[in-house]
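Engineer: Sharing a structure below in structure tokens format, with a few things to ask.
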6 protein chains.
Amino acid sequence: MPNQAEKINHILEALPYLIKYSGKTIVIKYGGAAMIEEDLKASFAEDIVLLKYLGINPVVVHGGGPEINQLIKSLNLNTQFVRGHRVTDEATMEVVEMVLTGKVNKQIVSLIQEKGGKTVGLSGKDGGLAIAEKYLMEFEDEKGERQSLDLGLVGKITSVNPTLIYTLQAEGFIPIISPVAVSQEGKTLNINADTMAGAIAAALSAEKLILLTDTPGILIDGKLVTGLNKQMIDGHIRSGQISGGMIPKVECCLDAIHGGVKRAHIIDGRVPHSVLIEVLTNQGIGSLIE
Amino acid sequence: MPNQAEKINHILEALPYLIKYSGKTIVIKYGGAAMIEEDLKASFAEDIVLLKYLGINPVVVHGGGPEINQLIKSLNLNTQFVRGHRVTDEATMEVVEMVLTGKVNKQIVSLIQEKGGKTVGLSGKDGGLAIAEKYLMEFEDEKGERQSLDLGLVGKITSVNPTLIYTLQAEGFIPIISPVAVSQEGKTLNINADTMAGAIAAALSAEKLILLTDTPGILIDGKLVTGLNKQMIDGHIRSGQISGGMIPKVECCLDAIHGGVKRAHIIDGRVPHSVLIEVLTNQGIGSLIE
Amino acid sequence: MPNQAEKINHILEALPYLIKYSGKTIVIKYGGAAMIEEDLKASFAEDIVLLKYLGINPVVVHGGGPEINQLIKSLNLNTQFVRGHRVTDEATMEVVEMVLTGKVNKQIVSLIQEKGGKTVGLSGKDGGLAIAEKYLMEFEDEKGERQSLDLGLVGKITSVNPTLIYTLQAEGFIPIISPVAVSQEGKTLNINADTMAGAIAAALSAEKLILLTDTPGILIDGKLVTGLNKQMIDGHIRSGQISGGMIPKVECCLDAIHGGVKRAHIIDGRVPHSVLIEVLTNQGIGSLIE
Amino acid sequence: MPNQAEKINHILEALPYLIKYSGKTIVIKYGGAAMIEEDLKASFAEDIVLLKYLGINPVVVHGGGPEINQLIKSLNLNTQFVRGHRVTDEATMEVVEMVLTGKVNKQIVSLIQEKGGKTVGLSGKDGGLAIAEKYLMEFEDEKGERQSLDLGLVGKITSVNPTLIYTLQAEGFIPIISPVAVSQEGKTLNINADTMAGAIAAALSAEKLILLTDTPGILIDGKLVTGLNKQMIDGHIRSGQISGGMIPKVECCLDAIHGGVKRAHIIDGRVPHSVLIEVLTNQGIGSLIE
Amino acid sequence: MPNQAEKINHILEALPYLIKYSGKTIVIKYGGAAMIEEDLKASFAEDIVLLKYLGINPVVVHGGGPEINQLIKSLNLNTQFVRGHRVTDEATMEVVEMVLTGKVNKQIVSLIQEKGGKTVGLSGKDGGLAIAEKYLMEFEDEKGERQSLDLGLVGKITSVNPTLIYTLQAEGFIPIISPVAVSQEGKTLNINADTMAGAIAAALSAEKLILLTDTPGILIDGKLVTGLNKQMIDGHIRSGQISGGMIPKVECCLDAIHGGVKRAHIIDGRVPHSVLIEVLTNQGIGSLIE
Amino acid sequence: MPNQAEKINHILEALPYLIKYSGKTIVIKYGGAAMIEEDLKASFAEDIVLLKYLGINPVVVHGGGPEINQLIKSLNLNTQFVRGHRVTDEATMEVVEMVLTGKVNKQIVSLIQEKGGKTVGLSGKDGGLAIAEKYLMEFEDEKGERQSLDLGLVGKITSVNPTLIYTLQAEGFIPIISPVAVSQEGKTLNINADTMAGAIAAALSAEKLILLTDTPGILIDGKLVTGLNKQMIDGHIRSGQISGGMIPKVECCLDAIHGGVKRAHIIDGRVPHSVLIEVLTNQGIGSLIE
């Protein structure tokens, strides 16, 4: 019986968050360990289903995991590298799309359905969801001059039409979205999953954008910082304390907030139920950017 | 962090029950210690609010507590007693109604509102909710002949019109109902709160009827029995193991089930959050009649 | 047959008013003789039911009549008086609420239901209808200095949330409201029924506010004045021709009009069907303030 | 003031009828003196508008009055007569339709609009409202053999599609219908206005069919009979006490009742407001067939 | 089979126009040869029905054709002429209305119904559709002074209430409107059908106004001009190249565009299916004014 | 201009079919040459878009084309063959799903979107659309005994939940469905595209099921038979005139009709616009089974 009391207290702690987020949309970028380890996969799926039953509208955008590289390898595709970046040619893009949309997406669709959710897998192509244009990576060459690098069929989102998402949400479906979009000219483009999630969150004026990562959050001097704003982030980038792969993640968060998202979170996908912990508990988890 | 994992597990344990009861109506008879002790009052109110936010529709029917007797005493009303039962005359009925509808009902309305619920207090008179007729208590006299005893303005429900409840539920309001009804002839009648709750549960085809009591549930040989059906109950009444004030409670439960309610529960209102424990945990609490 | 023609002419005289008030809300403060004498009670109830059937939305706010004093007396409550005003302490407030909400309100609910209306009794506590704060009576003391007098649990309305009223009206229910409200701190406060009616009328942007009184209307030099505006009223108050208990009534009317009510009326509740006469006939009745 | 009380009593007498007929449809055949004399026209229009404002749905079907004959005469049309009946040839039918649909119908549309109603004029051709077939008058010749007489473009209704009427009623419009229909083959046919009204009333499952005539109702031995049923009517026809032009009227009423109309009335259109008197007063007017 | 391919190509050519006009309203002035010759009548009716099935909302406003003059002649009405214009007195107006609303309108209603459309015939009187005022023709007399000429019951539209049209369109009905309106004083007024169509198109913010005429369109130097704007038209009128009966037509088009109509067309009603050719083909037909 | 007349006549020929199929669902199995040749792909996409704009609801189920084999070959998968049938093992199923759902499906989604349709790509996994079970091929062995052959991850549909399709159709989206389903145990199963189309058509009570093939239809003695029923088909199968790959197609059609589909068609996907020809012209195309 004391155990039951504790259970109920835990449920009750969630009450103010339920009230706050009821009917709101939360966009979650799903990837990393949480997409590989069985128990983390199960706990993630349970989190999404519970959020939906609690009247919150989750939207999942996923990355590709190691499966893309594996198929590229099996097919002995010759990928060209420019300045350390792989160029996505047509053959590679075809593999990327097949794996993302035809394999990984449907695995997530089934994973969450098994836990009781009604999921629908989409790519940015469906329902005109996401329009993109070719992304030219800009950098300074050795002489300090700005150059732009053509990485092939890599895109950045230029517009999102959320009608299809609203249609599905209104009937209780949870959209699971693979980060592939199409250009005005009909080219299939590979999109970074974090920025895809951010763009969709902005288009939906989401209450939260949550990026699942394989780190505890934003670490400064090796310590987790639980709350940051644009000014602080700019400073940490200049000082080099935010660096490497974390830079695009924090920039994606700042873009989403600039685009109308209330809060962005970088959380540890290696912790079971990290999404629910973030949404429903007092302490939360990871780093909040607002 | 382990604490957080536990929290989330507790929330997740509730998931199948949320799915099962989502959109369903649960009628709760509120009374006893849970209506008197401050912490129990608070935990009860939290339970009701949480159920509503979880998409379940609670309807509360309350009793009168000791406050009726207190006012009768303060007014020096001469109450007549017949065979140990107090006869409800017009003056007494007026006091009963004022206390139930004008005091206790509004205290509960405010109690749950403070926790975030949108409550509306009603009596059976409002919106033509409950029609009753005079109740004649039947008994066998010393010679073994059936007699009926006129207890005055005491009634039993003959019909319930749930339109008003549906109207309020559809807009997110929680109805709090005092057990007073009106007869076809316009007489105000005092109704037993348990049977009022049962009749309303039947009219709403409620998923559950929950009677809060000051016992752990149905005790047979001093031990809690967690599940019973009509046959078992009939046997226990014949054998005298269910007796006294528990008889009308189990009969009210059986009537409700006969009237279309899925499950009836007699639970311990002295346990904090007993309603949530019953609805959302695996073990449940108290005795289930189905 | 000539009799029938006359009947029909009378019905037809009402036509332009029906057209004008169709779908509009009329708030009526019910009190005085109209709440005591049997034939006046019956004619008032018929008026309310007819208005509803004619597509007009009546909202009734009632006072307490002599019943409060009677119960206070029966309970030998020691009421304190300050400068001639009774101070409402907790014990008194409890009696006031029980009588208003538990007795008088339900009597009116039943009275109108017997005539065919679908009524729902509310207090300002239900559905968060009315929030109030303590009212400090201001006056000038002997030295001409402004003082404020604490009358205890007496309140003035600070906000009205009309959602519950709209919900009920949309389903054909007539709200009957007792003048009790709750403060932000959870204190139950007694509200003057006229000002409660005025505040609700303003929140509903009512077409009319009608105060039933035991006078023919506003009398100046002993004669009924059928139409007044703010300027005229201010003059009459300065000149002393509007005085005593009529001052708060005209101020309540002016406040309501300031708050968006189209017309306010002070009419004679001692005339049978005075509400219908006001709403549906050419001559009207009593004094109109606009 | 006593006058006002009487007014209100008259309005109140109508209350039970308002409740009874609220939301119901009443089909009125308009013709005779009520369509010619200015004050009767005005009182008829007021009745229709009032019914609509009272939440009752009037549908008006009109006859042609003397205007058809007048135009036929002005055009010197040679009408053929067979056994005393005028044969409706194409030229005559054209005149009939122009007068009924282009003149009389629009006069009624404007008449009721001036009193505040929102009217829409229709013929049986609009919206596929009424389909008819040629009507062959049957009679026995001198030798007692059944013959059928071709009266030209005279029809009887074979089906009514009330969709258009429902569409208009739902938006608050009052349909005014001229008795012209079209056959499957596209022929325009002249329909008796009484039977058109009866067929439409049946298709709408109207609460009432009211035929305005220039008699007090059904007279037996010169005295008005206020209530009759099929058996009584059959007897009176056999005995010859119902004869001549009254026979088709009572047969039309019986057909309507057989088709699902609750009550049919033959009333005196020469009495001002006879429609309202029938619908809203205790005594009613004319003869009721049910 | 090649034939089928061609068929399908023709259907496909219409696709972009279907997309563009789906759900939009097109107002068509119907008159001239298209209202007289049997095959043109049939092809016009087919066009209207097809537009409706394609999800476009046609509204037809018709003129009177030669039938008015014929009936005036048959009735030997003495029409007065002033400065070459016939004055519409009451007797003439009555004939005009009967022919337009009672004959021509219903012929069109039936014509389109036979092709499968659900039509409802209206005049400007129905549902308060069109309010007009007397139109005084202005001209300069011999001395160069402005004079105004009273042409009797001839009107110009002052306001259009499109509620009835929306109501009918929402249920799939096609409105067929005769150019008769009523003044504030209740006078029936004859309206030029082109300007009636223009005023209704403006009130509906129609996508197109199409005037069917018995010319190929606007001819300048004997050649069809397929596109014009206000400036060009003003120039052509000043230079006299647009003259006579074409002037009011182009002015009506300019007024409609000024009032919110997207495009106005003057097309050749003598070409079968000219309406469909205008709406659904690449080349279009006639003159476009925008 | 004569060209325009012809165009319009072709559009008009389609009118009765538009009326007949308006709002109805047509399920089309897309495959063969129509999915490979550029002009056939374009004409197919135009057909689907036009049907949707015409108010008809197309649902497309596609096969895999030669692309599956190509990827299997590139990956050097060792496919086992049993009695001439390839066994679908897990590795093969993964490839099948990636190609069908991740490549072919999205190509069709984009193809139709470029023509103006709003498409959403789905597999049977999305929204719980299709549940399947393992399909055991039955055959008689050399001794004439019934044997069943396990082909691995090949399934047959056991239930279809069309909720997601209805949701998408209601918002104007066209579902494009790949023939992959999931078993109760969570196994991904490969479904024959014809039978997937048939099962979905039955679940939707579709008006038509259209199978696009690379033959003119059902050929008997080398000649196209335009209409057949179950009895005729059974005869032709027994006589061997329907044989080979045509047998599962006609059986799928018969199953669909048995399941509530009105008509099934086997048509020539090599003819441009064959779908539109079937749906919108008098002659139709291919073989009709009903």
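Glycine residues also receive a Cβ, built from the backbone N, Cα and C atoms like all the rest.
Below are the features I grabbed from TrEMBL:
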| type | residues | note |
| --- | --- | --- |
| DOMAIN | F:24-268 | domain 'Aspartate/glutamate/uridylate kinase' |
| SITE | F:Lys29 | site 'Transition state stabilizer' |
| BINDING | F:Gly64, F:Gly65, F:Arg86, F:Asn190 | substrate binding site |
| SITE | F:Lys249 | site 'Transition state stabilizer' |
Engineer: How many Å separate the Cα atoms of F:Lys249 (site 'Transition state stabilizer') and F:Lys29 (site 'Transition state stabilizer')?
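Structural biologist: So the alpha carbons of F:Lys249 (site 'Transition state stabilizer') and F:Lys29 (site 'Transition state stabilizer') sit roughly 11 Å from each other.
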Engineer: Highest Cβ count within 10 Å among the recorded positions F:Lys29, F:Arg86, F:Lys249: which residue is it?
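Structural biologist: By the 10 Å Cβ neighbour count, F:Lys29 comes out on top.
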Engineer: Cβ-Cβ under 8 Å from F:Asn190 (substrate binding site), same chain, 6 or more residues apart: which ones?
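Structural biologist: Residues satisfying the criterion: F:Thr88, F:Met93, F:Val96, F:Glu97, F:Leu153, F:Val154, F:Gly155, F:Pro179, F:Val180.
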Engineer: Round to a whole number and give the Cα-to-Cα distance in Å for the pair F:Arg86 (substrate binding site) and F:Lys29 (site 'Transition state stabilizer').
Structural biologist: 23
Engineer: Between F:Lys29 (site 'Transition state stabilizer') and F:Gly64 (substrate binding site), what C-alpha distance do you get in Å?
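Structural biologist: Rounded to the nearest whole number, the Cα-Cα distance is 11 Å.
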Engineer: List the same-chain residues at least 6 positions away in sequence whose Cβ sits under 8 Å from the Cβ of F:Gly64 (substrate binding site), in sequence order, or say none.
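Structural biologist: Set apart from F:Gly64 (substrate binding site) by at least 6 residues yet with Cβ under 8 Å, we have F:Val96, F:Val99, F:Leu100, F:Val104, F:Pro179, F:Ala193.
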Engineer: Taking all residues of the domain 'Aspartate/glutamate/uridylate kinase' (F:24-268) together, what is their mean pLDDT?
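Structural biologist: That stretch averages a pLDDT of 94.
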Engineer: Where does F:Asn190 (substrate binding site) sit by DSSP, helix, strand or coil?
Structural biologist: strand
Engineer: Using DSSP reduced to three states, classify F:Arg86 (substrate binding site) as helix, strand or coil.
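Structural biologist: Reduced to three states, the DSSP call for F:Arg86 (substrate binding site) is strand.
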